[in-house]
Amino acid sequence: MCVDEALEGLVRSNGGLALLRGHRVVLRSDLESIKGKVALLSGGGSGHEPAHAGYIGVGMLSGAVAGAVFASPPPGSVLAAILTLWKGGASGVLLIVKNYTGDRLNFGIAVEQARTQGVHVDMVIVADDCAFAQPSKAGRRGLCGTVFIHKIAGALAEKGCPLDEIVARMNEATKNIGTLGVSLSPCSVPGCLPSFQLPPGEMELGLGIHGEPGIKRSKVASADEVVKTIISHMTDSSNKSHLSLKSGDKVVLCVNNLGALSCLEIAVVSKVAIHCLEERGVLVVRVMSGSFMTSLEMGGMSLSLMKVDEEMLRLFDAKTTAPAWPNLSTASVSGRNMFMKPEEKPAAASDNYNEGSLSSVIRLVLESVCKILLEHQEELNALDRAAGDGDCGSTHALVANAIQEWLHTSRIPGNFGQLLAELALLVQQSMGGSSGALYCLFLSAAAPHLKQNCDGAAWAKALHAGTEAMKRYGGAEPGDRTMLDALCPAVEELMKLSTAVPPDGHIAILQSAVEKADLGAEATRNLTARAGRASYVASEHLTQPDPGAIAVAAILKAILNALKA
């Protein structure tokens, strides 16, 4: 049942596909477009998605026949697909079949029955498995390299090449394809036990896509070691199923997720595989990375290589509408500079300004802020342990230490806009966490308002811009139990700077702002957290003030004390 539902889901979500009623057969919905051309048909047991129905489209397959999970499709369905394509006007039908006994038999029966009805039909067997040094009479298994044949044959068919030519060229192409995989875990057919047992910490090399045994079990190793082992075995000339590969050869690489690996892990394997091949002098011209022929939820991957010349590469690059085919670049992977130079950084701000008349005052203020943050480190950490990861004090200490070092090594700008921009950069580089980002936003948004002027009105605009940036990007508002509960009341009071008479009026306003910040910080004790990490903690566990709000209140108090001094 799951196979039928999966096929319907694929067809319902892709307008270029249609189901053949009464069969597990997916066809192109525009069969009139293949009139006079060779139609390509593939298939096999389900559980390998997106193979094979995902490769149906212009420039690839014309249809795919699905069996039950890991079971070859019945000959009747294969024959029905062949006849539908033939009667749709195809000049011939080519079956692309993986080398498994059941598939060879059932597709072979359909071929012979179709021939008795006058159909021009042929079959190509793909056997790309490089696992066994001494393959049995059954031969090498068909694996993910089959997808390469779908693509190359599809491009030839789209060009209008006759059936006999496509068959001959594909039989040659299969000799230049090799695949080998490794698994960290088995797969399970729905409703059944796992296909094999693999002890924790072990991996199996060379297993089949249905969970058939591989050639060797070993301890789990790094991606570098695993990839090196795979490529060495694939290309070992003493291995009768090896792929002959020498320096200077051009290859297409397919890094195939067998089902359960993350995209992150597959990207790591891709990087390692490219590097390993290039170390051997092999030119990697294209890379496919993703899920192309899976084995249900198996935790593993396979590497497929196809040696190509310029003509084969043109066929590989030909356009297709198949939904599962990746949108690849046509630029060669090897030989390409993968890095871009960043824009030249402007000279350090400290090299572009001179100290001003207020630099000594700024130094005292910053030293006072650093001192109080370092003194409050353990208190802030203790408050944070109830609601977060207990590092609020430590992160504030990091920036305090960075500012202290900066004070010893740099000139302090007399321009407040330059000062805030420099402090924003220090916070960004040293503090980390959401608090660091919020302080950086505040300073960055405030700085432009103080570049030309630093009177009370300019400071009011700067502080307002800073708090608005914190609210806009951080998503919190006053009342959400964050640092804003201390900062916003203080800034609201500091807005009075625009009309106050300096200097006594400014100090009085700052004194009032500090008091508002203290009250706001203390009030967070009774607030429900609606933003930040504390919002995930049950309210009954949050009985202390918010550490971020306490830190803001401490910073403002340090500024006031320094200015008073």
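Any Cβ shown, glycine's included, is placed from N, Cα and C.
If you look up TrEMBL, you'll see 1-325 marked as domain 'DhaK'.
For G45, S46, G47, H48, K98, D103, the entry in TrEMBL reads substrate binding site. Within the same chain, residues at least six positions away from G45 (substrate binding site) with a Cβ under 8 Å of its Cβ are A66, G67, A68, V69, F70, A71, S72, P73, G102, H210.
The active site, tele-hemiaminal-histidine intermediate feature in TrEMBL is assigned to H210.
Summarising the annotation, TrEMBL assigns domain 'DhaL' to 360-561.
Among the listed recorded positions, namely H48, K98, H210, the Cβ with the most fellow Cβ atoms inside 10 Å is that of K98. Same-chain neighbours of the substrate site beyond G45, S46, G47, H48, K98, D103, judged by a C-beta within 8 angstroms of the site's C-beta center, are, in sequence order, G43, G44, A51, H52, A66, G67, F70, A71, S72, I209, H210. On the 0 to 100 pLDDT scale, the domain 'DhaK' (1-325) averages 96 in this prediction. Taking Cβ-Cβ distances under 8 Å and a sequence gap of 6 or more within the same chain, the neighbours of D103 (substrate binding site) are G43, G44, S72, V97, G142.
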